[in-house]
Amino acid sequence: MIIEPKMRGFICLTSHPTGCEQNVINQINYVKSKGVINGPKKVLVIGASTGFGLASRITSAFGSNAATIGVFFEKPAQEGKPGSPGWYNTVAFQNEAKKAGIYAKSINGDAFSTEVKQKTIDLIKADLGQVDLVIYSLASPVRTNPVTGVTHRSVLKPIGGAFSNKTVDFHTGNVSTVTIEPANEEDVTNTVAVMGGEDWGMWMDAMLEAGVLAEGATTVAYSYIGPALTEAVYRKGTIGRAKDHLEASAATITDKLKSVKGKAYVSVNKALVTQASSAIPVIPLYISLLYKVMKAEGIHEGCIEQIQRLYADRLYTGKAIPTDEQGRIRIDDWEMREDVQANVAALWEQVTSENVSDISDLKGYKNDFLNLFGFAVNKVDYLADVNENVTIEGLV
């Protein structure tokens, strides 16, 4: 079939297999161009099919020649409807790993469930014995707690009072004021249950108990802080409470990993265009301005540049891993530079529907958004007939 982007609000309902494949190949080529990282050898990536999780899997495999197991929840094509982008990303990753002679297997299912944890542990035991790195990069809006059976839904709301600020419809370039009503206590509890560190802890407990963590194993989860500009809706809102919980969980997990001399870290990453960030009011406008400033400074990074730098300059230097006072790894350091933030704040004051195309990188934002779904990718013929029914090699 010929596949075109179909939009509904902040979601693209279609994805392109060839575009997703080219995206993955581009990321692999970037990692290879940066040279070998003396990194992990056996890696589990929980949330391995898109964004930072996919970038972690690619960096592990093609930067350090690591065997990887990826866990995700994606949909194959059905009756004239393409599969999800993460499905096609994984098809491409598995094919490229096979060509390179690198072990890679994948599990498609609910990572929050006990069954998927057990299936993953069984696969590690059978094929790898143990893993030396566990990346935790889940981005789901809903979680059913396997112990209580309660289904929690996360919300993106401020805490303590309504919040009003500028936002942009990145499809039209219309800049307007948005007001978000505050969260109640239940909203906070649910968001922490979905996006906090409880499930990360459950994964590490299960793996420790099963003996599948190698001595000196590291686990890393991803977080975001961001500037004062976005804090009401992000870091001081419901999602920020979840990130606080995630960051606190790193210390708890590190305590438990002492028996294998392991350590848990949270890496604070930069703001990027993802399906999740596109749905948060205010954030797309902030990112469009940030991109403009960082590109002008020559310090713009996407997911793969961020994670390659995390591995090469932070995790695997052979020296102690540098962290902030809270023990967090900071690869948002370029985004949070004083000059960068001052420039973004100045542009924020000026931005309107009339000048947004000139003073922000809305074009780059849109392009990155379409790229998530395999569209607007260079070297791809979108008029060509494409087979949407492709299977994932190495799916367990």
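Glycine residues also receive a Cβ, built from the backbone N, Cα and C atoms like all the rest.
Per Swiss-Prot, these features apply:
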type	residues	note
BINDING	47-52, 73-74, 110-111, 138-139, K243, 272-274	NAD(+) binding site
SITE	E74	site 'Plays an important role in discriminating NADH against NADPH'
BINDING	Y224	substrate binding site
ACT_SITE	Y234	active site, proton donor
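Taking the features listed in Swiss-Prot, we show where each one sits on the structure.
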residue: G47; record: NAD(+) binding site; Cβ contacts under 8 Å, 6 or more apart: G53, V71, F72, A111, I135, Y136, S137, L138, A139
residue: S49; record: NAD(+) binding site; Cβ contacts under 8 Å, 6 or more apart: G70, F72, E74, P85, G86, W87, N89, T90
residue: G51; record: NAD(+) binding site; Cβ contacts under 8 Å, 6 or more apart: S137, A139, L272, T274, C303
residue: D110; record: NAD(+) binding site; Cβ contacts under 8 Å, 6 or more apart: F73, V116, T144
residue: Y224; record: substrate binding site; Cβ contacts under 8 Å, 6 or more apart: Y234, R235, K243, V268, N269, K270, A271, D332
residue: V273; record: NAD(+) binding site; Cβ contacts under 8 Å, 6 or more apart: P284, I287, Y365, D368, F369, L372
Worksheet item: Among the recorded positions F73, Y234, which residue has the largest number of other Cβ atoms within 10 Å of its own Cβ?
Response: Y234
Item to complete: Quick one: give me the count of other CB atoms within 10 A of the CB of K243 (NAD(+) binding site).
Response: 25
Worksheet item: Tell me, how many other CB atoms lie within 10 A of the CB of L138 (NAD(+) binding site), whichever protein chain they belong to?
Response: 21
Worksheet item: If you draw a 10 Å sphere on the Cβ of E74 (site 'Plays an important role in discriminating NADH against NADPH'), how many other Cβ atoms land inside?
Response: 20
